[in-house]
Amino acid sequence: MILCGRKNWDGSGGNNHAIEHYNETRYPLAVKLGTITADLEAADVFSYPEDDSVLDPLLAQHLAFFGIDFSSLQKTEMTTAERELDQNINFDWNRIQESGEELEPIFGPGYTGLVNLGNSCYMAATMQVVFSTRSFYSRYYMNLSLKVAFEMAPADPTVDLNMQLTKLAHGMLSGKYSVPAVEKDDNSNAATSASSKQEGIPPRMFKSVIAASHPEFSSMRQQDALEFFLHFLDQVERVNGGKPTLDPSRSFKFGIEERILCSSGKVAYNRRLDYILSLNIPLHEATNKEELEAFQKSKAGEVSEGKDVSSEEIVRPRVPLEACLASFSAPEQILDFYSTALKAKTTAQKTAGLTSFPDYLVLHMRKFVMEEGWVPKKLDVYIDVPDIIDISHMRSRGLQPGEELLPDGVPEVEAESNKLLANEDIVSQLVSMGFNHLHCEKAAINTLNAGVEEAMNWLLSHMDDPDIDLPISQEAQGTEVVDQSKIDTLISFGFQEDIARKALKASAGDIEKATDWIFNNPDASVSSDMDATTSSIAPTADNTGLPDGGGRYRLFGIVSHIGTSTQCGHYVAHVLKDGRWVIFNDSKVGASVNPPKDMGIKAKELTRVESDSLPTKNRVKSFEEPRWKTKAKVASLRRTVKRIGLQAIKVVSNSGEFGGELERRGEQHHHRERFGFWKHEEIGEYGELFTIN
C-alpha cells in the first residue's frame, strides 16, 4: 500500500495518511521505494513505534515477499534525511518569520553567515555564539592578526587549529564578507543589483582541522550541537596548553561540588570541573497545569471521535528555569550508601552546588529522555527563561566549621573483590606458548582475565619490567595502575573518576569496552558514585586560576534545534548584539523579532542521562536494544556517553570588564562598531547568558 507522508514541522508535507494506516493496522515498518538499491543499508526504512529511521536486517526477505528484486533497482528519490537537509539548505530567507513578522537582513562586522557544508548547521550555530563571547573575540581577533597567526603556526598552517580559528574569527568578525550578494542577469551575465542575502564564508579548513580526530564530526552526517561544543572546547584547551592567558575555553569552565551527608552525621565532598551545568526538567513544576489538564481532556475527546488535533490548539507545559535550577540543588536521598564511618550500608543525602561562577555559564536542559526499550523521546515543553538570572545561592563553600569528614576507606566487599586470581585457562595457554608461568599469571591478573590475546599483549609489552620476576602480592592485585589519560578521557565524557577507573580495570584499559561496562553495570556505577571511599578533594577538580565572579547572568544567545527527531533536524542561533536580537541561519543573518527563549534547550540526538544527576528511582538499570536496530545502533549508543545532554546550551558572561578594557585602550567605540558588542554601562553588574536550544 502506498500512502502519503506526514506533515512537516512548518505545516508543509503530506496529510499523515501513512501514520493513520499504522494506527489502524499497527504494521511497524515502511520503506521508501525510490531509495531501494543493491545497497540495502542505504534504503530509507522507517519504524513507526520508534518514530525514527531504522535498519531492517530482513529487508531483502520483506521485499521478496512483495516480488521486489532489489539488486536491479536504482535510487530515484532522496531519503528523509537528505530531503530534510535539502529543505534546510534551500530554506527561503524571506519565509523565516517570528510571530508573522518579516525579518530584516543584516550586514556588517559580526554579522557574517557560515555556508552549510552539508549537515554542518550544528557547527555554524555553535560558532556564531562562541565568537560572540569576549574571550574568543579577544584571543583570535582583537589580539591576533592573520599574519602573526601564520608566522606562529607550525610547518603546515592548514592543520593548525589556532591558525584556522584566527582565520575563521577574522572572516566572521571583520565584516569583509558580510555584504549583500550581487545578483546577475541570467541573459547578460552582468551584475544587476544587490541581494538581500549574503554569500557567507565556507569554513571547510576549520571543519577539517577540528574534526580530524573525531570519526563523527569528520563525516557528513548530522551531529549534536552540544557534543560539538564540548569537543571544540577540549581541542582549544589542548592547543593552548592550558595557559590561562591564552586559553579562551577557561571562560566556560567551573567547579561542581557534591556534598554527601551520611546518617552518621559525617560528610564527604566530591568535586569535578565541567563546561556545562546539566539540568533536569521537572514537569510537575509546570505553571499552566490547569490549561494542560483541559487540553488533555479535549484531546482525548477529539481522538476518540477520529479528529486530528490542530497544532494551534496544542498546549505545552511551561516550566520556569528557576525550577530546573532548584532541581539541580535539591537534596537527593541515596539508598544503600556504604558509610566508611559505620562500615555498613545506610541512607545518605546528596546536594550539589557550584564552587565558582564562570564568565560564560553553559546550561544544558535535558530535553531528551529514554523511553522503554531505549527509544529516545523529546520532551515537548517550554522553558520560561528570564533575561536575567541570579544563581548566587547555588555557590558551594566546601567543608564548614563543625562538620566532620567521613574517614578514608574502601567497602569490604569491594576490597575483597579486588583480590583477583589469575584465570588458569589463560595462564595454561600462555605457558604452552613458552612463556614463564609467573609472568603469565601477572599478565592474566593485570588484564583482569580479559582473554589470552589481551594477556599476551600485556606480557609482550612488560617483559622488561624490573619487577616482572617479583612474587605476586594480594595488595598488588588490587592496586593495578590504570593509564591516567584514559581515565581523563572517560571523565571528559561525564563519568566520575572512580567509576572510570573501575571500568578501565574491568576492561583491560580499553576505553570502548570500559564504556560498554559502565552501560551494562549501572548498579556498579551508582554504588561507585555514592559510596564515600575517600573524603579528600580530587586534584583534578582544582579551581585555581578559573574565572570566578558574581552569580548574576544575562541571556545573550540561543542555539535552537528545529525538528522532533534525535537523528536529524536543523540548528539556528540567536545572539543579542548591540542591544537587539539577531538570528543566524547558516549563511542567512537578520534581525530577530521574537527569539525563542521559551522553546527550551533542544537537540537532535539522543541523550545519555548521567546516573549521578537523576533521582535514584529514575536511573537506568539495564540496556535493551530495540527490536529494529536504529541507525544510531550500538556504536552510536556508545558515543552517547559523551552526549551528556545533546540538547542545548545557555552560556553566560558575568564580567562587565570587556567594555572597560576597550575604554582603557581608547577603542570602545571603534570595536563596538566592528563587533557589535555591548556597552560597558549596559552590562553593569550582570553577565551575559547564551543558550543553545
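Cβ atoms are placed via backbone N, Cα and C, with glycine included.
What TrEMBL records for this protein:
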| type | residues | note |
| --- | --- | --- |
| ACT_SITE | CYS121 | active site, nucleophile |
| ACT_SITE | HIS570 | active site, proton acceptor |
| BINDING | CYS4, HIS17 | Zn(2+) binding site |
| DOMAIN | 1-70 | domain 'UBP-type' |
| DOMAIN | 112-619 | domain 'USP' |
| DOMAIN | 421-462 | domain 'UBA' |
| DOMAIN | 481-521 | domain 'UBA' |
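Mapped onto this structure are the features recorded in TrEMBL.
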residue: CYS4; record: Zn(2+) binding site; CB count, 10 Å: 13
residue: HIS17; record: Zn(2+) binding site; CB count, 10 Å: 14
residue: CYS121; record: active site, nucleophile; CB count, 10 Å: 29
residue: HIS570; record: active site, proton acceptor; CB count, 10 Å: 24
Sequence-ordered, the recorded positions among CYS4, HIS17, CYS121 whose CA is within 10 A of the CA of the residue listed as 'active site, proton acceptor' come to CYS121
Between the C-alpha atoms of HIS17 (Zn(2+) binding site) and the residue listed as 'active site, nucleophile', the distance in angstrom, to the nearest integer, is 31
What does DSSP assign HIS570 (active site, proton acceptor), in three states? strand
Measure from the CA atom of CYS4 (Zn(2+) binding site) to the CA atom of the residue listed as 'active site, nucleophile' and give the result in Å, rounded to a whole number. 28
